[in-house]
Amino acid sequence: MNAESTMFPHIFLALLALISHIEAFNFMPRPSRVINSPKHLKFHINQTRSSYFGYTLVIRQTSIIVGAPRAQSTLESQRTINETGAIYRCSLTNGVCSPYVLDSRGNVDAPYSEYTFDSERKDFQWLGGSMDGGTKDTDKLLVCAPRFYAPSSRDNHLHGVCYWVNNTVASTPQHVTRISPLRLKSEQVKEEDNGNKASFFYIMGELGLSAHVADDNTKFLIGAPGINTWRGSVILYRQVDPVDNPTASRRDTSKALRRTYRDVDSNDYTPEHYAPEIPTPGLWGQEEDSYFGYAVSSGFFDSSNPTKLLYVATAPQANKQSGEAYIFDVRGKSIHKYHVFRGEQFGEYFGYSVLAEDLNGDGKTDVIVSAPQHALEDSHDNGAIYVFINKGFFNFERQILRSPVETMARFGTALSRLGDINHDGYNDVAVGAPFAGNGTVFIYLGSENGLRDQPSQRLDAPSQQPSKYGSHMFGHGLSRGSDIDGNGFNDFAIGAPNAEAVYLYRAYPVVKVHATVKSESREIKPEQEKVKITACYRLSTTSTDKLVQEQELAIRIAMDKQLKRVKFTQTQTNEISFKVNANFGEQCRDFETQVRYSEKDIFTPIDLEMHYELTKKVPDSEEFCETCAIVDPTEPKVSTQNIIFSTGCATDVCTADLQLRSKDVSPTYILGSADTLRLNYEITNIGETAYLPQFNVTSTSRLAFAQVPGNCKVVDAVMVCDLNRGRPLAKGDTDSVTISFDVSQLSGQSLIIHAEVFSTGYEQNPTDNRQTNVIGLKEFTEIDASGGQTNSQIDLEHYSNSAEIVNNYEIKSNGPSVIEQLTVSFYIPIAYKVAGSTAIIPIINVTSLKMQASYDSQLLSIDLYDQNNTMLVVDPVEVTTTLSGGLERTVITQNRQSYDIHTSGHVHQTMEVLDTSMVATASMSRKRRDLKALTANREQYARISNVKAHDLLSDDFKGKLPVNRTIVFNCRDPEMTICVRAEMRVHFRPEKSINLNMRYSVDLNEVNAILVDPWEYFVILTDLKLQKKGDPTSTSFSINRRIEPNIISKHQETGLPIWIIIVSVIGGLLLLSAISYLLYKFGFFNRTKKDELDRLVQQNPVEPEAENLNSGGNN
């Protein structure tokens, strides 16, 4: 109630003045009358702050009842009472106000009563804090003062009080009845919880914080949110038969309670046929401090019993301060809830105001609950209203309308029923936002679906300058809608309590324009040069004023605005404008137009538009225009028609039969195999001519297009192409389209491509106009893995104790697909397990193991794990188990245990290092042990290794190394071998390589001990495994392995001496010479046949004639 605490700084006023108005509807944009707080009256106490004149309003036919809850009294009997509050009756004709006195008594010190507190204190009682009544002078008027209190020797009892009169026909109240049922002493404070808790029952009731008069004038519903420790309740005050009057049955209290309802001014008027019912909130489990009864109303909510009046009241602090509202009926001392509405924001004060009205014309009452402290994002106190549309059987459809302004306007502080202000069959409402600058009121129209989403009109405070009391709070007081000027349309008033003013807004009649434009035919023949256009128009309105029923219209007709193929004969342009007087009767005008035919535009219709509006506008002034009318801004303001060209088809619109099919589309695509994916489509028309045939295509992945043909365009990942170079596609014609998608970034499991063809006409068989291709996407990558030892081969004759082996590996992707995550694992054997023992034989000095990997010029992180899958080194760029200076490093496992790996002696499988004496003992005992036993132990290793030799070596080495003399040391038998695993993860792209450098030291003493006769070669085999994420079976890639193992030989591999080669060559030459000589001696080279032929020729010389003949032939 403290307005000062809610005022905004004046700095916002200049900004608010710049806010553009929503297009005005039928209320005047400025008030027709301003009614100010009366200054001519004599007040006994000076007014030091705003009287809040206009806080509550009840409009009647010729006057308006105005509440000013902080006004000083003009009565002599109340001359010493501060801010009694006042009710004024103000003339709607001249704006003159006079006090409307409901209670002329001052403060009362009543004699002691056994039953009730009868003394009265009216200081700051807020008379007019709530007020309600119908819009006729014959309707009842209910006025309340919620801060009225009764003093006692110990407390002040904030009971509240209300007054009502049967009508306001007379200029002064007649037969005022007071309602004050909370004065019984026995009901002030009650014990609860078996006497362990005291409850403020009636003592702080605040009767009259809200008040409502039912439309039939037979019932009052009054809120008392302070009852029962602010659980709150309502007082239903209604007509009852005398025998049903509960006050008549109360022993010894009937006279005291009857004073509750008696006429203030006369003891002769006792309406005993009215009685209050006060439900006890504890009986239905109302929460403490929930303020039930803060706002009240009534309506016909039950679709199964549409004549039963039910009630609605709010509890803004219920539901953990999110607020609730209930539809209920009063049943004795309790209520029966039919439905519960709830707010959605903590502290939004859901239920500050409530309104019950049928908004969609279905005969069922709907509910609006305001939440003026609803917060928009990054703000507060913006406000909202919750609209609950009654769908029947207490099912409600919720709609939330948030403040149209972003300031802290407290939109929804006041709600009012305006009735059907535009006569469209639906009731409308006003919503106050009194703290939007100086205040704003929004008008919302009802519709078939409830309230429209946007306000039809916004009424700002007439003055943007603050009053002497601050911002005006324009819109905190709203009257109902009432036709005060007799034009058939409801007017209403708005109160601005902090400006101490009431503003009257009259409503203009609403008219509807019915206008059409059409051509004499829907088709234009190619040879046709002229077309006749007809424009028709008329008005309709519910107004009975003859001056309103006829309005001047401004009409503008435009044709073919884009191509301008048509022009009016009269203007020689494609537009014509004129004015006409329209009324209830339809009138028409004809216009002749000239048409220019164009073959290429035959498929483009000629658009025909007629724009119309009232010429006489509502003036932006305080003067009401008696002959003006207004059109609903949501009504159409243009009439349209299209005219087509004749196409030679059987009907006005051609029926084509387009067929679409894709050609040679592969069902699968290997990701990365190409940057573009091409699809070919063929389109055939087997129906009538297809005008403006078009083809569009898109993909579910919204792929970009690699190429856009000249006859195509791309809009939002959809390519649209004009077929047949933009010309019509005749029957039997075929066209084709090639589409190229950019698939360089494509991923996923499948690609779905949708294609469609269409034309401007009808389609005989739409099912074959669409083509959907589902292409399965697969990944495949070919990987080359190669590598081996880069330093010289080790033999035990030239190396002793230990030797370092350096390996380089390269893993390269040959594509085509990218592997999103490839895990590369190297398995490196480091020690043998001794059968039947817990000891192990270390082969590779794990502390010397160093690895460095790079990919695409970037170092890769390497994770190192032991045989128990315990991570030893986490994400280093270089794996090493030695520190600078050659010191041994303690390896920390994930379970925070630590151990050192030593290069000499035997280490237990538990990775616990033996102490020095144990290592020495083990070394000495090994030298003294039985050779037979030692051989047997090595034979056991050799036998296991020999079994796997052929399987574990590559094909190149299977032929080079003797099977029966080679031992293979690898990680494929976890029962015999201890290994470590180096793991890397990489986003593997084609033509990119992983390069790994690995080096470690080998304990040659152990190797030498193992290589007993007949074993000659010790092979260290490092395994490589690749794992692709999402492919546990590794079907989407292949590996070409060329990885060479590390070979340690027992003896040096010697080459063939050069002198042996020279001797062999000489010996070969001598042997060849000897063989050739022997063959010559034995006549192998003699040619006997040739010698015989030569001898025969000599014995038979050629005849001369033949010789001469031969010579003559040559001449």
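Cβ coordinates come from backbone N, Cα and C, glycine included.
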Fill in: Where Swiss-Prot places N-linked glycosylation site when the choices are ASN845, ASN1086
ASN845
Fill in: From glycosylation sites ASN46, ASN166, ASN438, ASN696, ASN845, the one whose Cα lies nearest ASN868 (N-linked glycosylation site)
ASN845
Discussion item. Taking 10 A as the limit, how many CB atoms besides its own sit near the CB of ASN82 (N-linked glycosylation site)?
Written reply: 14
Worksheet, complete the sentence: Closest by Cα to ASN964 (N-linked glycosylation site), out of the glycosylation sites ASN46, ASN166, ASN438, ASN696, is ASN696
Practice prompt. Might you list, by sequence position, any residue in that chain lying six or more from ASN696 (N-linked glycosylation site) with a Cβ less than 8 Å away from its Cβ?
Written response: VAL718, MET719, VAL720, CYS721, ALA755, GLU756
Discussion item. I'd like the number of other C-beta atoms within 10 A of the C-beta of ASN868 (N-linked glycosylation site), please.
Written reply: 9
Fill in: Cβ neighbour count within 10 Å of ASN46 (N-linked glycosylation site)
6
Fill in: The one of ASN166, ASN438, ASN845, ASN964 whose CB sees the fewest other CB atoms within 10 Å, among these glycosylation sites
ASN964
Worksheet item: How far is it from ASN166 (N-linked glycosylation site) to ASN82 (N-linked glycosylation site), counting Cα to Cα, in Å?
Response: 29
Worksheet entry | Spatial separation of ASN46 (N-linked glycosylation site) from ASN82 (N-linked glycosylation site) - C-alpha basis, Å | 9
Item to complete: Looking only at C-alpha atoms, tell me how far ASN845 (N-linked glycosylation site) is from ASN438 (N-linked glycosylation site), rounded to the nearest Å.
Response: 87
Worksheet entry | Reported mean pLDDT - the repeat 'FG-GAP 2' (113-174) | 96
Response to the item:
Rounded to a whole number of Å, the separation of the Cα atoms of ASN46 (N-linked glycosylation site) and ASN438 (N-linked glycosylation site) comes to 25
